[in-house]
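Please read the structure below before turning to the comments.
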Amino acid sequence: MDTDNSNHSQAENLKTLANDAFKAHKYSQAIDLYTQAIEVNSENAVYWANRAFAHSKLEEYGSAIQDASKAIEIDPKYSKGYYRRGAAYLGMGKFKEALKDFQQVKKISPNDPDATKKLKECEKAVMKLKFEEAISAPDLLKPPIAETIDYHTYGEAPASSYFPHRVTAVAAAVVLVAVIFVNVGVQPATMVAAGAVATLLVVSVTYLWHPSSDSILTKSRTIDLEVEPQYSGARIDGDIVALDFVKKMMDDFKNQKSLHKRYAFQILLKTREMLLAMPSLVDINVPDGKHFTVCGDVHGQFYDLLNIFELNGLPSEDNPYLFNGDFVDRGSFSLEVILTLFAFKCMSPTAIYLSRGNHESKSMNKIYGFEGEVRAKLSETCVELFADVFCCLPLAHVINEKIFVVHGGLFSVDGVKLSDIKQIDRFREPPEEGLMCELLWSDPQPQPGRGPSKRGVGVSFGGDVTKKFLQENNLDLVVRSHEVKDEGYEITHDGKLITVFSAPNYCDQMGNKGAFIRFEAPDLKPNIVTFAAVPHPDVKPMAYASNFMRMFP
């Protein structure tokens with residue numbers, strides 16, 4: 001009995017220390033302390049649920065789901081277990097699974113107003129997704145959005161096959177009806193059936209409005225791109241994106257001024273054209289005596305991006321950069337970040353290289369703010385165009401045949417060669433498994449071998465996996481990003497792998513430094529520079545994110 005009481009007190013003390021670390025935003029430390037509490041008393045559901053919450057703060061949603069599931073196994077009536085698991089599912093974009101957990105929270109705590117509110121928001125998200133799927137045209141009927149836009153002309157772009165505005169308007173009305181149905185309690189099956197019928201009616205009526213020998217979806221897209229006389233912002237002279245324009249644009253962004261959508265379209269279309277011509281794995285040559293800078297995640301922190309350029313100089317042919325994915329989401333100046341990076345790419349293709357991250361995808365942008373930000377600052381058409389351009393981004397780079405740079409990490413199988421990466425068909429949304437998925441999502445682990453991903457996507461890989469990949473491909477080093485680090489970087493796997501993260505004080509709460517790496521040829525020894533966050537206007541992270549994501553602290 002005395003031993004039991006002693007264990008209980010020890011575990012509770014560890015939980016208290018973990019809670020304090022959590023409140024101080026030291027989530028990794030909190031996880032370690034909750035783990036120690038669990039080792040003393042593994043049958044306490046609270047410890048598991050609390051550790052799940054800490055994992056979610058580090059975007060380790062796979063681990064969060066495992067811990068929350070264990071809490072539910074220990075105590076099936078513990079509502080916070082379902083709550084934490086539902087929140088983790090939301091973070092992964094798995095809305096249907098999240099809905100089941102929030103329904104269970106509501107069942108256990110029927111009078112909890114917070115549970116009711118979150119359940120309703122989750123229901124809305126699930127129903128909206130179902131109706132979007134019901135009214136979406138098959139990909140075979142839709143050309144890339146870029147092919148429907150010509151920024152050279154004002155007003156009407158060339159004719160192309162896509163859903164006309166009447167269809168879009170009626171479809172939006174159908175979605176609105178679905179949301180209303182959610183609020184009045186109509187069953188999901190009834191709503192889906194109603195959506196399908198409505199969709200058939202929409203297409204049928206559209207055919208009567210615009211019959212065509214080729215396609216009922218043929219119509220020209222009208223986009224007003226005329227630059228108003230009163231516009232005082234940055235302007236592109238003809239087809240050339242010049243340094244003066246980029247500097248003026250960055251200065252305007254710094255002062256929270258907007259770029260005219262005509263020039264935004266021009267930058268996007270020109271960037272897409274260049275990216276389309278690049279392979280999935282890009283070889284970079286740094287001449288002897290020259291240097292090259294690699295930056296990690298920026299995540300919409302525009303003012304910290306400006307600070308990088310202040311510390312290390314603007315991108316140019318003599319000062320080239322590689323930004324290693326996750327340019328957008330979370331931070332609320334993501335549009336400013338991506339337009340700046342794309343503009344430099346347009347100005348000088350060899351001044352800046354860009355890798356795709358897991359957040360350059362529709363599913364992440366819908367949840368974590370970029371989609372809402374683009375819609376608010378530019379237009380719905382730009383949302384589509386960004387998604388198209390993101391699918392053109394390369395997946396990895398190799399510097400001087402020695403340094404492999406990728407956003408996420410390595411693979412669930414041995415024997416992957418650089419030639420395999422070059423052959424990946426990247427012009428799509430990221431799949432949930434396979435080489436492309438793992439390049440964007442995987443993480444290193446301290447122990448050898450491989451393990452399940454703490455994120456729930458990709459794989460965790462050990463130092464032996466890194467060493468073997470490097471040996472088989474005659475490489476010296478892996479540089480990756482994807483994870484916030486207290487010092488802005490971390491060197492692991494016996495010095496063969498460096499994680500670099502360039503968003504200091506991530507989400508205005510993590511307290512971490514940012515970092516970038518300068519490589520000098522020919523020896524390519526990494527010189528790591530760290531930096532602190534700089535002030536920014538009072539616009540909170542996730543300001544444009546989906547309602548249900550902003551509801552979770």
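Glycine is no exception: its Cβ is also placed from the backbone N, Cα and C atoms.
Under the heading repeat 'TPR', TrEMBL lists 11-44 (among others). Same-chain residues lying 6+ beyond the ends of the repeat 'TPR' (11-44) with a Cβ under 8 Å from its Cβ atoms: 50-51, 53-55, 57-58, 74, 509-511.
Residues or ranges marked as repeat 'TPR' in TrEMBL: 45-78 (among others). The list of residues near the repeat 'TPR' (45-78) in space but at least 6 beyond its ends in sequence, with Cβ under 8 angstroms from a Cβ of it, reads 11, 15, 18-19, 22, 25, 27-28, 30-31, 34-35, 37-38, 84-85, 87-89, 91-92, 108, 452-457, 484.
Within its own chain, the repeat 'TPR' (79-112) is flanked in space by residues 45-46, 48-49, 52-53, 55-56, 59, 61-62, 64-65, 67-69, 71-72, 118-119, 122-123, 125-126, 129, 363-364, 366-367, 455-457, 548-549, 552, which lie at least six positions past its ends and keep a Cβ under 8 Å from the stretch. What TrEMBL records for 79-112 (among others) is repeat 'TPR'.
The transmembrane segment feature in TrEMBL is assigned to 167-186 (among others).
Residues annotated as transmembrane segment in TrEMBL: 192-209 (among others).
The annotation domain 'Serine/threonine specific protein phosphatases' is assigned in TrEMBL to 259-535.
In sequence order, H299, G325, D326, F327, V328, D329, R330, N365, Y368, F370 constitute the residues six or more apart from H359 (active site, proton donor/acceptor) in its chain with CB-CB distances below 8 Å. The active site, proton donor/acceptor feature in TrEMBL is assigned to H359.
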So what's the average pLDDT for the repeat 'TPR' (11-44)?
96
